[in-house]
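Chemist: The DNA-binding region annotation in TrEMBL covers 42-85. Per TrEMBL, the feature compositional bias 'Polar residues' maps to 314-328. Feature annotation from TrEMBL assigns domain 'Homeobox' to 40-84. As annotated by TrEMBL, domain 'TLC' applies to 87-288. Look at TrEMBL and you will find 296-340 tagged as region 'Disordered'. Look at TrEMBL and you will find 96-116, 136-155, 162-181, 220-239, 259-280 tagged as transmembrane segment.
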């Protein structure tokens, strides 16, 4: 399944996403490239990508360049390695397709499942519960997808919430694998479907932004924020955690794996709180500015950041914005998605 998902990724980008992007006028052009310079290139590749004030002054004397020009060179050099808008559009499109498809498949499957309407059904006759073929394929497909995210995280677009997303993927893979091995697949399907509910809206907002439909982007992002907060801070703790912490204890008892299973679920809830805070902060900025602001995870530096730096250079302050070190996805994304 992991191989099939990777093949789907490659083919969807080549035959579907790329033609759509071109039809929308998205060009395969990257940031402004830095002027070739052997000395600065050596410093960039061997020493530091963000030189401090002392090193900037030394390079200024060595090259007879203005400090602002050197800062600009390093900013352009950092940005030229970033992916193009076309690449980001293709990535978001294949993720949107998967999230959208798997969410509505999950809803259709769970609509007829008794535990969807009564969570206590997750624990009746546990662990002797049948594993149907539809349930098996749904579970394995989700597991393969998150494994693909885990591997591609190191090659995809780099963002500042890399560590948070890494922990999220580990917790998710651990939960899916652990629940499958312990036949907790009924409650597992509820967790999976709930998490898929908002993800496709986030990817839709990114696609709208890459295509420069700002109002559509803002609308999708606001809808994403509402759905994310309602599902992750409302439904998840009062529906999912309630049945795994209390109903399972009442009906099954504190079995040995109970502690690990609920520990992973609580870890996810902590991440939900962090992401919800970032989403609310972004949405509040959007209300003030009239549009969604730059993604707090974004790692592409803008010219305005450079001007802030250079305006302080006369005071001896030569700090530059740091590069980000995923994606989703990425869950906290906002605004200038091109900044991702």
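Cβ coordinates are placed from backbone N, Cα and C, and glycine is handled just like the others.
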Chemist: Count the CB pairs under 8 A between the transmembrane segment (136-155) and each of 96-116, 220-239, 259-280, then give me the winner.
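Modeler: By Cβ pairs under 8 Å, 96-116 leads among 96-116, 220-239, 259-280.
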Chemist: Restricting to the same chain and to residues at least six past its boundaries, which positions have a Cβ under 8 Å from a Cβ of the transmembrane segment (220-239)?
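Modeler: Sequence-distant neighbours of the transmembrane segment (220-239): 119, 190, 194-195, 197-198, 201-202, 204-205, 208, 268-269, 272-273, 275-276, 279-280, 282-283, 286, 292, 331, 333-335.
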